[in-house]
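For reference, the structure is listed below as structure tokens.
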Protein chains: 2
Amino acid sequence: MMKVTKFGGSSLASASQLEKVLHIMREDATRKFMIVSAPGKRFAEDEKVTDLLIELGEAVLAGTDTTGFQTKIMQRYQQIADDLKLTDAIMEEIKAQLEKLLTLDVTSPEAYLDAVKSSGEDNHARLIAAYFNQAGLKAHYVNPLQAGMIVTNEPGNAQILPQSYTKIATLRQLNDIIVIPGFFGYTETGRICTFSRGGSDITGSIIANGVQASLYENFTDVDAIYAANPHIVSQPKEIAALTYREMRELSYAGFSVFHDEALIPAFKAGIPVQVKNTNNPTAPGTTITTKRQAIDTPVVGIASDSGFCGIYIRKYLMNREIGFGRHVLEILEDCQLNFEHMPSGIDELTIILREDQLTEAVKATVLNRLKQELAVDEVKIQHHLALIMVVGEGMNHNVGITAKAATSLANAAINIEMINQGSSEVSIMFGVKEADEKKALQVIYQAFFD
Amino acid sequence: MMKVTKFGGSSLASASQLEKVLHIMREDATRKFMIVSAPGKRFAEDEKVTDLLIELGEAVLAGTDTTGFQTKIMQRYQQIADDLKLTDAIMEEIKAQLEKLLTLDVTSPEAYLDAVKSSGEDNHARLIAAYFNQAGLKAHYVNPLQAGMIVTNEPGNAQILPQSYTKIATLRQLNDIIVIPGFFGYTETGRICTFSRGGSDITGSIIANGVQASLYENFTDVDAIYAANPHIVSQPKEIAALTYREMRELSYAGFSVFHDEALIPAFKAGIPVQVKNTNNPTAPGTTITTKRQAIDTPVVGIASDSGFCGIYIRKYLMNREIGFGRHVLEILEDCQLNFEHMPSGIDELTIILREDQLTEAVKATVLNRLKQELAVDEVKIQHHLALIMVVGEGMNHNVGITAKAATSLANAAINIEMINQGSSEVSIMFGVKEADEKKALQVIYQAFFD
């Protein structure tokens with residue numbers, strides 16, 4: 001029984017937050033590995049240390065004055081150190097680390113920025129380990145290089161290399177609490193490289209896999225994952241248990257506490273993930289597992305995302321033309337366009353894709369090629385579409401889900417522009433106009449949860 | 001005001017039927033062009049003259065005895081001639097035509113069979129013209145060659161050549177009723193070539209276009225096109241007015257009095273088509289036009305077709321892989337597979353196609369290539385699917401159609417395997433298990449028409 005426990009930026013933003021974190025780590029001796037983020041926002045208008053570091057790094061690259069940023073960053077750590085009455089030693093260490101950043105090789109700006117950014121987590125891990133020890137809870141800072149986090153050389157999008165896991169497994173032998181900075185690893189040539197969005201979550205997931213943890217705890221600032229976006233649906237139901245697939249489908253439509261891909265390493269090792277609230281640690285939170293027992297309700301959550309458009313193509317007898325669909329997709333591929341869905345009628349098909357990819361130039365190319373190469377009867381673009389995802393393992397072969405959702409939309413006089421049901425066994429997707437997105441989410445939520 | 005009037009095989013199967021046809025042609029002087037089929041069935045177990053001719057032609061090619069077939073064919077015409085008390089002259093002519101078939105060049109079996117098949121319509125047109133004249137209604141038999149029906153050299157699938165229309169237009173100058181055999185035309189080298197399925201309907205449609213008819217009448221043995229298959233739904237509503245698109249969508253799902261592609265020439269010239277019943281000519285029938293006014297009900301008809309299957313493919317993050325969809329369709333294309341629809345979920349897509357294309361060999365190739373070339377996480381085939389089409393121009397942006405249909409399926413405990421809505425503005429497609437097809441059609445019909 002051994003847990004990997006990750007804390008987000010807001011959970012580590014101030015001395016008072018760190019006291020809660022100390023309490024959480026102390027009360028459960030199985031919390032052996034701790035993954036930390038850089039200090040986040042203490043209040044809405046606050047600046048994240050990571051953002052300050054990016055500004056610092058860009059100033060260095062631009063050759064402009066950096067002192068302002070250095071001071072701000074030091075002040076954040078100093079404030080915490082003062083409030084926790086830490087010894088000067090730790091602040092000396094952090095100061096030295098920050099000054100070192102100004103001396104690093106800048107020939108590769110991307111790599112340089114990665115090194116600067118990563119120091120936010122790195123220094124905070126050093127500070128937290130010092131704080132725990134001073135408070136009598138034995139802890140050791142372990143740098144990702146010592147931890148064996150070897151990654152590909154892709155700044156801002158590093159991928160863990162398979163050989164890392166053997167080294168990580170040996171961390172089990174260490175005593176006391178191991179504090180590891182999240183968000184980055186080291187290339188085979190020893191250069192720092194950061195992960196993508198949700199970087200600290202990725203570190204936690206990788207460590208959980210490597211040390212074969214019994215649970216991966218993800219502490220953030222919400223009590224649970226909600227059945228719908230709380231900014232659209234007031235006081236949505238908390239989700240007690242989710243499967244990885246449900247999480248994935250919900251995340252797809254821009255809805256998630258953390259980036260779902262971060263969970264893959266834990267998922268592959270079959271390690272359950274628990275989302276908990278640092279500010280309310282006794283709340284049960286949300287558990288994400290491979291399988292879910294007793295599916296009380298067929299639908300666990302409803303998500304939505306906007307910014308889609310549809311390329312509508314009509315050609316008489318298109319489905320008798322072998323290669324027509326392939327040719328359409330080839331034109332998209334040549335334009336480097338990712339498409340999401342391709343609903344089709346008779347003699348008609350629509351390609352649903354994210355609108356931001358479709359620049360005027362690309363649009364013109366696509367439309368011209370479709371007209372010329374495929375001699376289509378009609379082609380037009382429908383803008384401003386939103387997708388609503390109704391998600392739940394329980395819905396597979398559960399008759400009536402579509403009827404219920406479609407009826408709630410009909411009653412609200414919302415037209416369904418598109419429906420995608422067929423492949424996925426855990427979700428149904430409704431396409432609506434962006435203007436109807438919020439209303440659609442609300443009425444479908446009511447239909448299934450009220 | 002000039003009409004092209006086409007009669008199907010059952011409308012011309014016997015003397016008593018021909019008397020009805022004479023009456024129909026006589027009562028409306030604007031019925032100028034008459035397109036005829038070969039004698040069809042008089043009763044369920046009866047043989048169509050066209051089938052007898054095919055047997056005759058195959059016997060000739062096989063070098064086996066043909067007398068039996070010759071006799072049967074002659075008897076059909078003789079019976080009609082006797083009942084109508086026609087002069088011997090016409091039967092001499094038909095006899096001569098039939099004997100000529102035995103002397104034709106057989107080096108190209110396909111072309112030979114086309115020539116033999118086409119004689120069914122050709123001889124009947126001669127007989128009918130003779131009958132009309134004897135009855136005092138002036139009529140002239142006009143052979144497709146004289147009529148200017150020049151087609152491509154594709155036996156059994158001839159396509160009309162554009163230059164034909166100028167010649168056909170001159171037919172307007174002829175006096176009296178022009179009787180033209182349907183189903184075939186002549187290649188540029190003067191060889192007979194037949195049209196595909198619904199051949200006589202194609203001839204009528206081409207003539208209607210060529211002579212710029214005000215109406216193309218299609219006489220058959222039903223009072224109208226029904227809102228659903230009468231073999232599945234008892235006494236379905238008759239459809240008074242349909243648009244070409246609605247007709248097309250309904251025909252797609254194997255539901256139609258005639259092959260929808262036959263209507264294209266008439267459709268291109270914007271000529272309305274009227275389906276009427278030879279046995280009940282006063283019934284209003286169904287009119288098919290480009291546009292429909294006053295759409296009383298959003299849904300005009302519901303059709304279904306079975307024999308589909310789905311190739312289900314799952315791969316994590318497939319929609320981030322530019323070219324994934326194209327590659328999948330390329331594999332299908334290499335196997336010469338036509339696909340109908342491609343519903344997709346997140347990390348999943350299903351290719352819906354007609355099952356009969358998927359031989360064991362092809363299936364193996366497709367599955368292997370998908371696994372090897374695309375490294376999919378899972379691929380499987382779902383067999384025995386049926387598609388239910390809910391059709392109507394009125395449904396575009398008519399909220400609630402999907403809800404109503406889906407609710408009726410849910411109440412009947414029928415699971416929706418797939419929904420395709422998005423592209424088509426005049427139809428919604430539901431995929432169900434073949435076992436549920438009839439029930440599904442019935443409950444959806446009830447929801448919209450009862």
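Glycine is treated like the rest: Cβ placed from N, Cα and C.
Automatic prediction, not curation, is the source of TrEMBL annotations.
Source: prediction; values computed, not measured.
Feature annotations, courtesy of TrEMBL:
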- B:Thr87, B:Glu121: substrate binding site (BINDING)
- B:Thr220, B:Asp221, B:Tyr226: ATP binding site (BINDING)
- B:390-450: domain 'ACT' (DOMAIN)
Between the binding-site residues B:Glu121, B:Asp221, the one whose Cβ has the fewest other Cβ atoms within 10 Å is B:Asp221
For B:Tyr226 (ATP binding site) and B:Glu121 (substrate binding site), what Cα-Cα distance in Å is obtained after rounding to a whole number? 28
Using DSSP and collapsing to three states, where does B:Glu121 (substrate binding site) fall: helix, strand or coil? helix
Alpha-carbon distance [B:Asp221 (ATP binding site); B:Glu121 (substrate binding site)] in Å: 18
Give me the CA-CA distance between B:Thr87 (substrate binding site) and B:Asp221 (ATP binding site), in Å, as a whole number. 29
Residues in the domain 'ACT' (B:390-450) grouped by DSSP into helix, strand and remaining coil: 30 helix, 13 strand, 18 coil
By a simple count of other Cβ atoms within 10 Å, which of B:Thr87, B:Thr220, B:Tyr226, the binding-site residues in the record, is least packed? B:Thr87
Mapped DSSP class for B:Thr220 (ATP binding site), helix or strand or coil: strand
Restricting attention to the domain 'ACT' (B:390-450), give the mean pLDDT. 89
